[in-house]
Amino acid sequence: MIVGPVISLLLSYFVLVSGASIEPRAAKSTDQPVDVPYDIDEFTQAASLAQQAYCTKGAHDYGLKIGDSTLLWTTGDGSLKQRVNVHHSESLGIVVAFQGTNSISPFSDFHDIQFRPVDPDARYKQYYPKGTKVMNGFQNAYTDDVDTVFKHVEKFKQEKNETRVTVTGHSLGAAMGLLGSMDIALRMNGGLHKAYLFGLPRVGNPTFANFVDKTIGDKLHWVVNGGDWVPLVPPRPFGYQHPSNYIWIYPSNSDNWRLYPGQENVHGMLTVPQDVGTSDHLGVYFHSKIGGRSGPCPSQLGGF
């Protein structure tokens, strides 16, 4: 979701005002932030794999080591179709990493501006409560890859004698990752181990957000860096809603982070001016740099 910020926001506004609201706006949490109760090293590892999904050079270097992980398989060319990497990690298990927006690909950018709310895809619609809506573009990007990804994840689970499946991604990749996390939890034997999503935009309506909370709960870890504007789109007045419990890094790119309980917490990211560029969206998350196409390739674990 790193198409030129001003262009993206204008297109977002045009698409949204020309359509109907998904459903009335849901409530915001007023709970105070708390210390992050999770293993930070796992965030560092996951962020480095989210960055690697952007990398074209060496994309098929199977056996590539990043931290405690090994690259096993890749699909998608990163332009016409979003890239998805599968790694095996000592700390996270089988890791599915979704590429964020390729800013020089109109096909990738187009996913970010298809804001129309739609029903869940037929593959998994039966598992969702009535009234669930998700953003069309994010779902299209996800369903382009899902069948072959599921097939290979099951294959590598058997080969590695591994039951844990973790999902990571940044920006558009985080949105795909949220849909993927739910899909794995609902349809894959063994379900979801954990999800680490960075710079996550809103993906669905309150019915979706509530079902995410119910289904994967504190297995989901999503992170906002400083004044990043991407987590504020699509806008809430049009019915989109985040799931609970985001982690806010503030100041941006620092090692100061707190967890904000509940959905759409009024504290944290909503209290500071938004960075209209990408310096916070493409930043340092738990010491690993996520810089998109301009980030480290191959990715590096920590060190920032």
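Backbone N, Cα and C define each Cβ position, glycine as well.
Marked as signal peptide by Swiss-Prot: 1-19. The disulfide bond feature in Swiss-Prot is assigned to Cys55-Cys297. The N-linked glycosylation site annotation in Swiss-Prot covers Asn161. The active site, nucleophile feature in Swiss-Prot is assigned to Ser171; the stated evidence is sequence analysis. Taken from Swiss-Prot, the feature active site applies to Asp228, His281.
Distribution of Swiss-Prot features across the structure.
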residue	record	DSSP (3 states)
Cys55	disulfide bond	coil
Asn161	N-linked glycosylation site	coil
Ser171	active site, nucleophile	coil
Asp228	active site	strand
His281	active site	coil
Cys297	disulfide bond	coil
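When the recorded positions Cys55, Asn161, Ser171, His281, Cys297 are ranked by how far their Cα is from the Cα of Asp228 (active site), His281 comes first. A C-beta separation below 8 Å, combined with a sequence spacing of at least six in one chain, links Cys55 (disulfide bond) to Gly295, Cys297, Pro298, Ser299. Cα to Cα, the residue listed as 'active site, nucleophile' and His281 (active site) are separated by 8 Å. Cα separation, His281 (active site) to Asn161 (N-linked glycosylation site), rounded: 36 Å. Between the candidate recorded positions, Asn161, Ser171, the densest Cβ environment within 10 Å is the one around Ser171.
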